[in-house]
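Please see the structure below; I have some questions.
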Amino acid sequence: MTIAVGRAPAERGWFDVLDDWLKRDRYVFVGWSGLLLFPCAYLALGGWLTGTSFVTSWYTHGIASSYLEGGNFLTVAVSTPADAFGHSLMLLWGPEAQGNFVRWCQLGGLWNFVALHGAFGLIGFMLRQFEIARLVGVRPYNAIAFSGPIAVFVSVFLMYPLGQSSWFFAPSFGVAAIFRFLLFLQGFHNWTLNPFHMMGVAGILGGALLCAIHGATVENTLFEDSEQSNTFRAFEPTQAEETYSMVTANRFWSQIFGIAFSNKRWLHFFMLFVPVTGLWMSSIGIVGLALNLRAYDFVSQELRAAEDPEFETFYTKNILLNEGIRAWMAPQDQPHEKFVFPEEVLPRGNAL
């Protein structure tokens, strides 16, 4: 007599069916992260294209900011709401627009729409990298690296204005608008002298340098494994052997610097660590600016420059430049304040 012992098949619920459908092998992977990524990315991009095409900033900044008004790709923007609205979410059905779409656009509601959907879209993209890494069976360092751009976006577009009086002081979504924001950060926060900005610059430029050095070194040490003039055709994605000589690369840089990477894993981790850490440091610095924290103030140089007309340093010159940015930028940047500065209070260099 034969006795078959088995387990009854577990019932598949709606969650299992949905999980199978989301993770099905298709040209563009969806996944659970796609439920957040695709709608948010679509709405953020659509809101930006709509705003830059048709929506004016006359009611919020007193400027033209759309293609419809004569702007071009470098000058159009989705502008921040007016200063008077504070940190309102600017919902379409909220007390500001009261369900009127045209009024909502005029008051700057599209900026909140693009900023919030953009932030969640970026988070969805990072979760997508986590999800695919788990399914493929690789480590999640791509997702961890992408936390750097997310930190910068959230700190600049959300944390900074939350620390200030309103969304008005966040950057608008446009090329020239971002440049204006950079000048604003310099004039009102002396951002370039901030150590976190310095670490950010070192990280980004250092990452670019490492990338250039690594790419050039690999190209220099490719194995001569083809008779063709084009070395790229000699590579096969599934080949088992190395395509370049790490030993030769190590000898080359050892002769130049006296020191070189001998471990590929450490080398590539360093290429990940430098730029991502720079982005994180910049984000921390922006949060500090949101709280109006000061960085370096060399008061002794300022006092001596005030007492001695012949004493001047690059620091004191930059302080004067910052005063100039504030004095001349504020009336243009914040027309609602109706600033009027008489000529005698505008900054002048010691030599004038």
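Just so you know, glycine gets a Cβ as well, placed from its N, Cα and C.
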According to Swiss-Prot, which of these ranges is transmembrane segment: 81-101, 207-227, 312-332?
207-227
Identify the transmembrane segment range according to Swiss-Prot, selecting from 19-39, 40-60, 250-270.
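Here Swiss-Prot associates transmembrane segment with the stretch 40-60.
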Between Q129 (pheophytin a binding site) and H214 (plastoquinone binding site), what C-alpha distance do you get in Å?
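So the alpha carbons of Q129 (pheophytin a binding site) and H214 (plastoquinone binding site) sit roughly 24 Å from each other.
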Tell me the Cβ contacts of H197 (chlorophyll a PD2 binding site) under 8 Å, same chain only and six or more apart in sequence, or just say none.
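Once residues fewer than 6 apart are set aside, H197 (chlorophyll a PD2 binding site) is near W191, S282, G285.
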May I ask which of the binding-site residues H117, N142, H268 is closest to F261 (plastoquinone binding site) if we compare their C-alpha atoms?
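When the Cα distances are compared, H268 comes out closest.
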Between H117 (chlorophyll a ChlzD2 binding site) and H214 (plastoquinone binding site), what is the CA-CA distance rounded to a whole number of Å?
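Counting only the Cα atoms, the answer is 36 Å.
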Any residues 6+ beyond the ends of the transmembrane segment (278-294) with a Cβ under 8 Å from its own?
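Beyond its ends, the transmembrane segment (278-294) has Cβ neighbours at 147-149, 151-152, 154-156, 159-164, 185, 189-191, 194-197, 199-204, 206-207.
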